[in-house]
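Participant: These came from TrEMBL, pasted as-is:
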type: TRANSMEM; residues: 6-24; note: transmembrane segment
type: TRANSMEM; residues: 33-53; note: transmembrane segment
type: TRANSMEM; residues: 73-91; note: transmembrane segment
type: TRANSMEM; residues: 103-121; note: transmembrane segment
type: TRANSMEM; residues: 127-147; note: transmembrane segment
type: TRANSMEM; residues: 159-177; note: transmembrane segment
type: TRANSMEM; residues: 183-201; note: transmembrane segment
type: TRANSMEM; residues: 213-234; note: transmembrane segment
(Lines of atoms letter the chains of each structure in order from A and count residues from 1; the text may use other names and numbers.)
(Lines give C-alpha, C1' and ligand atoms only; values in the text may rest on other atoms or scores of the structure.)
Protein backbone atom coordinates (compact mmCIF):
# COMPACT_ATOMS: atom_id res chain seq x y z
CA UNK A 1 0.00 0.00 0.00
CA UNK A 2 1.61 3.22 -1.19
CA UNK A 3 -0.27 5.48 1.22
CA UNK A 4 1.51 4.23 4.35
CA UNK A 5 5.09 4.70 3.04
CA UNK A 6 4.03 8.11 1.70
CA UNK A 7 2.72 9.20 5.11
CA UNK A 8 5.85 7.92 6.86
CA UNK A 9 8.01 9.87 4.40
CA UNK A 10 5.98 13.06 4.97
CA UNK A 11 6.38 12.74 8.75
CA UNK A 12 10.15 12.28 8.39
CA UNK A 13 10.40 15.33 6.10
CA UNK A 14 8.38 17.54 8.46
CA UNK A 15 10.65 16.51 11.33
CA UNK A 16 13.67 17.85 9.43
CA UNK A 17 11.88 21.08 8.53
CA UNK A 18 10.87 21.85 12.12
CA UNK A 19 13.56 20.14 14.22
CA UNK A 20 14.83 23.49 15.52
CA UNK A 21 11.42 24.39 17.00
CA UNK A 22 10.13 20.95 18.01
CA UNK A 23 12.83 20.46 20.64
CA UNK A 24 12.11 22.59 23.75
CA UNK A 25 14.38 25.60 24.35
CA UNK A 26 14.13 25.42 28.15
CA UNK A 27 17.21 23.62 29.51
CA UNK A 28 15.36 21.23 31.87
CA UNK A 29 12.68 20.41 29.30
CA UNK A 30 15.38 19.84 26.70
CA UNK A 31 17.23 17.44 29.01
CA UNK A 32 13.99 15.54 29.64
CA UNK A 33 13.21 15.45 25.93
CA UNK A 34 16.59 14.03 24.94
CA UNK A 35 16.44 11.59 27.86
CA UNK A 36 13.07 10.36 26.60
CA UNK A 37 14.28 10.26 22.99
CA UNK A 38 17.45 8.45 24.03
CA UNK A 39 15.40 5.86 25.89
CA UNK A 40 13.29 5.23 22.79
CA UNK A 41 16.36 4.88 20.59
CA UNK A 42 18.23 2.49 22.88
CA UNK A 43 15.10 0.37 23.35
CA UNK A 44 14.56 0.26 19.59
CA UNK A 45 18.10 -1.04 19.08
CA UNK A 46 17.95 -3.83 21.66
CA UNK A 47 14.29 -4.86 21.38
CA UNK A 48 13.76 -4.56 17.63
CA UNK A 49 16.88 -3.81 15.59
CA UNK A 50 19.22 -6.53 16.89
CA UNK A 51 16.55 -9.28 16.81
CA UNK A 52 15.71 -8.22 13.25
CA UNK A 53 19.37 -8.58 12.30
CA UNK A 54 19.20 -12.12 13.66
CA UNK A 55 16.14 -12.82 11.48
CA UNK A 56 17.91 -11.39 8.44
CA UNK A 57 20.85 -13.72 9.07
CA UNK A 58 18.55 -16.72 9.50
CA UNK A 59 16.63 -15.85 6.32
CA UNK A 60 19.65 -16.14 4.01
CA UNK A 61 18.63 -18.65 1.36
CA UNK A 62 20.41 -21.16 -0.82
CA UNK A 63 22.89 -21.10 -2.49
CA UNK A 64 24.25 -18.45 -0.12
CA UNK A 65 23.62 -20.51 3.02
CA UNK A 66 26.56 -22.79 2.24
CA UNK A 67 28.82 -19.75 2.51
CA UNK A 68 27.42 -18.45 5.80
CA UNK A 69 28.85 -18.74 9.29
CA UNK A 70 25.83 -17.27 11.14
CA UNK A 71 27.60 -13.93 11.57
CA UNK A 72 27.92 -12.29 8.15
CA UNK A 73 24.97 -9.94 8.61
CA UNK A 74 26.38 -8.80 11.95
CA UNK A 75 29.73 -8.22 10.25
CA UNK A 76 28.03 -5.96 7.70
CA UNK A 77 26.49 -4.07 10.63
CA UNK A 78 29.98 -3.70 12.10
CA UNK A 79 31.17 -2.33 8.75
CA UNK A 80 28.38 0.25 8.98
CA UNK A 81 29.72 1.41 12.34
CA UNK A 82 33.33 1.54 11.09
CA UNK A 83 32.35 3.35 7.88
CA UNK A 84 30.38 6.08 9.63
CA UNK A 85 32.97 6.57 12.38
CA UNK A 86 35.68 6.84 9.73
CA UNK A 87 33.77 9.38 7.65
CA UNK A 88 33.12 11.59 10.69
CA UNK A 89 36.79 11.46 11.70
CA UNK A 90 37.84 12.45 8.17
CA UNK A 91 35.43 15.40 8.24
CA UNK A 92 36.70 16.62 11.61
CA UNK A 93 40.40 16.17 10.83
CA UNK A 94 40.18 17.94 7.47
CA UNK A 95 38.55 21.13 8.73
CA UNK A 96 38.95 24.02 6.29
CA UNK A 97 36.11 26.34 7.19
CA UNK A 98 32.70 26.35 8.86
CA UNK A 99 31.03 26.34 5.46
CA UNK A 100 33.00 23.42 4.04
CA UNK A 101 32.44 21.42 7.23
CA UNK A 102 28.70 22.11 7.04
CA UNK A 103 28.48 20.83 3.47
CA UNK A 104 30.48 17.73 4.31
CA UNK A 105 28.23 16.99 7.29
CA UNK A 106 24.98 17.70 5.47
CA UNK A 107 25.85 15.55 2.44
CA UNK A 108 26.92 12.78 4.82
CA UNK A 109 23.62 12.86 6.70
CA UNK A 110 21.57 13.22 3.51
CA UNK A 111 23.11 9.94 2.35
CA UNK A 112 22.41 8.44 5.78
CA UNK A 113 18.79 9.63 5.58
CA UNK A 114 18.41 8.02 2.17
CA UNK A 115 19.69 4.69 3.50
CA UNK A 116 17.44 4.78 6.58
CA UNK A 117 14.45 5.86 4.49
CA UNK A 118 15.06 3.01 2.06
CA UNK A 119 15.53 0.45 4.84
CA UNK A 120 12.27 1.48 6.52
CA UNK A 121 10.10 2.04 3.46
CA UNK A 122 11.24 -0.90 1.31
CA UNK A 123 9.33 -3.34 3.51
CA UNK A 124 5.55 -3.54 3.26
CA UNK A 125 4.15 -2.75 6.69
CA UNK A 126 0.77 -2.51 8.35
CA UNK A 127 -0.61 0.73 9.77
CA UNK A 128 0.43 -0.37 13.28
CA UNK A 129 3.99 -1.05 12.15
CA UNK A 130 4.07 2.29 10.35
CA UNK A 131 3.15 4.06 13.57
CA UNK A 132 5.77 2.00 15.39
CA UNK A 133 8.47 3.06 12.90
CA UNK A 134 7.47 6.72 13.15
CA UNK A 135 7.70 6.65 16.94
CA UNK A 136 11.09 4.94 16.83
CA UNK A 137 12.80 6.60 13.86
CA UNK A 138 11.13 10.02 14.15
CA UNK A 139 12.90 11.09 17.37
CA UNK A 140 16.12 9.63 15.96
CA UNK A 141 15.90 11.89 12.91
CA UNK A 142 14.94 14.80 15.14
CA UNK A 143 17.98 14.34 17.39
CA UNK A 144 20.37 14.23 14.43
CA UNK A 145 18.70 17.20 12.73
CA UNK A 146 18.66 19.25 15.93
CA UNK A 147 22.32 18.49 16.58
CA UNK A 148 23.19 19.63 13.04
CA UNK A 149 21.07 22.79 13.44
CA UNK A 150 22.75 23.57 16.77
CA UNK A 151 26.20 23.47 15.13
CA UNK A 152 25.19 25.24 11.90
CA UNK A 153 21.97 27.22 12.66
CA UNK A 154 22.03 29.62 9.70
CA UNK A 155 23.21 27.10 7.13
CA UNK A 156 20.80 24.44 8.36
CA UNK A 157 17.73 26.67 8.10
CA UNK A 158 18.79 27.99 4.69
CA UNK A 159 19.97 24.79 3.01
CA UNK A 160 20.44 21.86 5.37
CA UNK A 161 16.88 20.88 6.17
CA UNK A 162 15.93 20.81 2.49
CA UNK A 163 18.93 18.67 1.55
CA UNK A 164 18.18 16.23 4.39
CA UNK A 165 14.56 16.08 3.20
CA UNK A 166 15.81 15.29 -0.32
CA UNK A 167 17.71 12.36 1.20
CA UNK A 168 14.45 11.05 2.67
CA UNK A 169 12.68 11.42 -0.68
CA UNK A 170 15.54 9.74 -2.56
CA UNK A 171 15.43 6.69 -0.29
CA UNK A 172 11.63 6.61 -0.56
CA UNK A 173 11.72 6.71 -4.38
CA UNK A 174 14.33 3.95 -4.58
CA UNK A 175 12.30 1.82 -2.15
CA UNK A 176 9.14 2.16 -4.23
CA UNK A 177 10.67 1.84 -7.70
CA UNK A 178 13.44 -0.72 -7.23
CA UNK A 179 12.99 -4.39 -6.38
CA UNK A 180 16.19 -5.70 -4.82
CA UNK A 181 16.91 -9.31 -3.92
CA UNK A 182 16.21 -10.34 -0.31
CA UNK A 183 19.94 -10.84 0.25
CA UNK A 184 20.80 -7.33 -0.92
CA UNK A 185 17.97 -5.89 1.19
CA UNK A 186 19.44 -7.69 4.20
CA UNK A 187 22.87 -6.22 3.46
CA UNK A 188 21.48 -2.69 3.18
CA UNK A 189 19.44 -3.14 6.36
CA UNK A 190 22.49 -4.41 8.24
CA UNK A 191 24.71 -1.56 7.01
CA UNK A 192 22.07 0.97 8.05
CA UNK A 193 21.65 -0.77 11.41
CA UNK A 194 25.34 -0.41 12.18
CA UNK A 195 25.30 3.25 11.18
CA UNK A 196 22.16 3.82 13.26
CA UNK A 197 23.66 2.17 16.34
CA UNK A 198 26.67 4.50 16.09
CA UNK A 199 24.48 7.56 15.49
CA UNK A 200 22.16 6.74 18.39
CA UNK A 201 24.97 6.42 20.91
CA UNK A 202 26.71 9.52 19.54
CA UNK A 203 23.76 11.90 19.15
CA UNK A 204 20.80 10.59 21.13
CA UNK A 205 22.15 9.09 24.33
CA UNK A 206 22.87 12.13 26.52
CA UNK A 207 25.85 12.33 28.84
CA UNK A 208 25.41 11.48 32.51
CA UNK A 209 25.21 15.13 33.58
CA UNK A 210 22.60 15.90 30.89
CA UNK A 211 20.39 12.87 31.54
CA UNK A 212 17.12 12.97 33.48
CA UNK A 213 17.25 9.32 34.51
CA UNK A 214 13.58 8.89 35.59
CA UNK A 215 12.45 10.12 32.17
CA UNK A 216 15.00 7.90 30.44
CA UNK A 217 13.88 4.87 32.48
CA UNK A 218 10.18 5.50 31.84
CA UNK A 219 10.89 5.76 28.12
CA UNK A 220 12.84 2.48 28.08
CA UNK A 221 10.20 0.57 30.06
CA UNK A 222 7.25 2.01 28.13
CA UNK A 223 8.66 1.52 24.65
CA UNK A 224 10.07 -1.93 25.42
CA UNK A 225 6.75 -3.11 26.86
CA UNK A 226 4.80 -1.79 23.88
CA UNK A 227 7.25 -3.26 21.37
CA UNK A 228 7.30 -6.70 22.98
CA UNK A 229 3.50 -6.71 23.15
CA UNK A 230 3.13 -5.70 19.50
CA UNK A 231 5.68 -8.30 18.39
CA UNK A 232 3.76 -10.97 20.31
CA UNK A 233 0.30 -9.94 19.09
CA UNK A 234 1.20 -9.34 15.43
CA UNK A 235 4.00 -11.94 15.24
CA UNK A 236 6.54 -9.51 13.78
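Using N, Cα and C of the backbone, Cβ positions are placed for all residues, glycine too.
Quantities reported herein were computed from a predicted structural model and do not represent experimental measurements.
Each of the listed features needs to be described in terms of its position in the shown structure.
Facilitator: Residues 30, 33-34, 113, 117, 120-121, 130, 133-134, 137-138, 141-142, 145-146, 149, 153, 156-157, 161, 164-165, 168-169, 172 of the same chain lie 6 or more positions beyond the ends of the transmembrane segment (6-24) yet place their CB under 8 Å from a CB of it.
Residues 23-24, 73-74, 77, 135-137, 139-140, 142-143, 189-190, 193, 196-197, 200, 204-206, 210-213, 215-220, 223-224, 227-228, 231 of the same chain, all 6+ positions outside the transmembrane segment (33-53), place their C-beta atoms under 8 angstroms from a C-beta of that stretch.
Distant neighbours of the transmembrane segment (103-121): 5, 8-9, 12, 16, 84, 87-88, 91, 133, 137, 141, 144, 148, 151-152, 155-156, 159-160, 163-164, 166-172, 174-176, 188-189, 191-193, 195-196, 199; these residues of the same chain sit at least 6 beyond its ends, with a Cβ under 8 Å from one of its Cβ atoms.
The list of residues near the transmembrane segment (127-147) in space but at least 6 beyond its ends in sequence, with Cβ under 8 angstroms from a Cβ of it, reads 4-5, 7-8, 11-12, 15-16, 19-20, 22-23, 34, 36-38, 40-41, 44, 48, 109, 112-113, 116, 120, 156, 161, 164, 196, 199-200, 203-204, 223, 227, 230, 234, 236.
If one looks beyond the transmembrane segment (159-177) by at least 6 residues along the same chain, the residues whose Cβ comes under 8 Å of a Cβ in the stretch are 2, 5-6, 9, 12-13, 16-17, 19, 102, 106-107, 109-119, 121-122, 145, 148-149, 152.
Long-range contacts of the transmembrane segment (183-201) within its own chain (CB-CB distance under 8 A, at least 6 residues past either end) are made by residues 38, 41-42, 45, 49, 52-53, 56-57, 59-61, 64, 73-74, 76-85, 112, 115-116, 118-119, 122-123, 140, 144.
Only residues 6 or more beyond the boundaries of the transmembrane segment (213-234), in the same chain, are considered here, and those with a CB under 8 A from a CB of the stretch are 32, 35-40, 42-44, 47-48, 126, 128-129, 132, 135-136.
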Participant: Mind checking which residues reach the transmembrane segment (73-91)? Cβ under 8 Å, same chain, six or more beyond either end.
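Facilitator: Residues 53, 56-57, 60, 101, 104-105, 108, 112, 186-187, 190-199 contact the transmembrane segment (73-91) from elsewhere in the chain.
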